[in-house]
């Protein structure tokens, strides 16, 4: 028997090794390089990958990259803007996704639920770039939105000129399906007799929702928040196409440092700062949730 | 077991119908449930017993008819304001709350102070035997404990009627029998009307003051357990409650309060009219419970009537033995049960025996 267990172990390793190798090369190695670069200084120049021949001995450890990220206002302003946009997008997405998930879970016949979930994924069928172009058409000066409000005698608003708003609208639309799915799954797991019990014990439908359904679906809401918030902070293409040059987000700054200024050390420091900020916020969010909503697992 | 009829009415059904689309789930339910009664709705799955319970709780709208609770029509009264509370089949314990939060769930609108509410929760937990369990997480409880929490959660609100939807079906046999007794005691202690839905006829007989036997959306018989068992009003009820032997017969004469029949294997018997419930238009049979038949051992003689037979099958249960016996040289087979006591050996298949029976134990279905 020991033999077959050994064989099974080997088979297990064989199964996981390709994705493991891939993860190591595509995630862990670049991550270590970026973190390393963010703490790197080079005598008489800037640390970069690959290093010029003979530069290796001129490398030194430093906090100066981070000192610049924290002291120069541009980085703070842009990081704060990214966070605010991400919070707005997350709020809008989750608030819109919850009723949709609730409707599909509670009001759609069981045999039709899969179809509804499938329909919710339809936005993914179109390339994101095309969707961005469409939003530009909708939100731009004299675009579809302006024409629509024009019917009521409202002057063209040119929402596209407000970069942060345009970015928020576009991202909220793009991430909605990601938020619907985890909330839907959490709602599906709520035992329906609990809702009857709530009403039996004197609560109305609405107060039963607040005391029973909502707390029980919080794990799904938390998952949705994290799934939307984390990638939105680091979004690059939306800000580039919807925000123009006036409202960059943090990823756009990383691009400027990395590709335009060719300053890999500064680019890495900005990226690591953003990553650390997101990590801290996410962990705080999860902890606060445990503390106050208390999903007693 | 006896139930005094002079207690006030708690629940009244007047011609209650319920349709799910084309499906006729409740077909004209009539009847009353008295205050303080332990009442059971008994029937096979799909007979409408749970639907009827849910119409009392307010979870199902009825298609026509009236449901009255304590003299008030429940039409347009939503579940959350009805004077009823329910113990759900799944217990429906809130998994995100502790035991005391579960038990105190319904006290939110209660004007009492926090300390008084906490005391009420403690008392409710003590009543169901869960003293000191308040701080535990609900998901850490066993099935029996969950059920007690569900009971405490419902009883703390002092409802006029407690509804129990197959509350014991998820428990193992020992625990179930234990909880049956506890529920009876609890009901006597609190004096609240209990309405129990069950498909287990034994459970209904053990626990109830009165039982409504339901088939296909109708109440087939509403009576106390003893009447149901000894004088079922139809073959179907007789077959559902316990075991009954059905023996084909012909009706010889019917006059006044006597019916004379000729039962195959038993011979001519004169029955009192009380032993013959109203005719249902079926082929006539007489029914006999297994324990009303007795095997006569050598030297014993029958007090009443006696028939020859041959043992066809022996089923040994430890305290009891069941015999399947062909009666009087016919192909009529009856099952009878004998208590196993010293000096009364278990007999073998093929043994010729004498079977004693009493005409008073017979019921005629026709």
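For all residues, glycine too, the Cβ spot is worked out from N, Cα and C.
TrEMBL annotations: computationally assigned, not manually curated.
The shown structure was predicted, so the numbers you read here are calculated from the model rather than taken from an experiment.
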Transmembrane segment according to TrEMBL, located in which of A:141-159, A:236-254: A:141-159
Stretch among A:20-42, A:83-108, A:114-134, A:208-233 sharing the most Cβ pairs under 8 Å with the transmembrane segment (A:165-187): A:83-108
Distant-in-sequence neighbours of the transmembrane segment (A:114-134), which means Cβ under 8 A and at least six residues beyond its ends: 100, 104, 108, 170, 173-174, 176-177, 180-181, 184, 237-238, 241-242
When counting Cβ pairs under 8 Å to the transmembrane segment (A:83-108), the leader among A:20-42, A:141-159, A:208-233, A:265-288: A:208-233
The transmembrane segment (A:208-233) and the transmembrane segment (A:141-159) contact flag, 3+ Cβ pairs under 8 angstroms: no
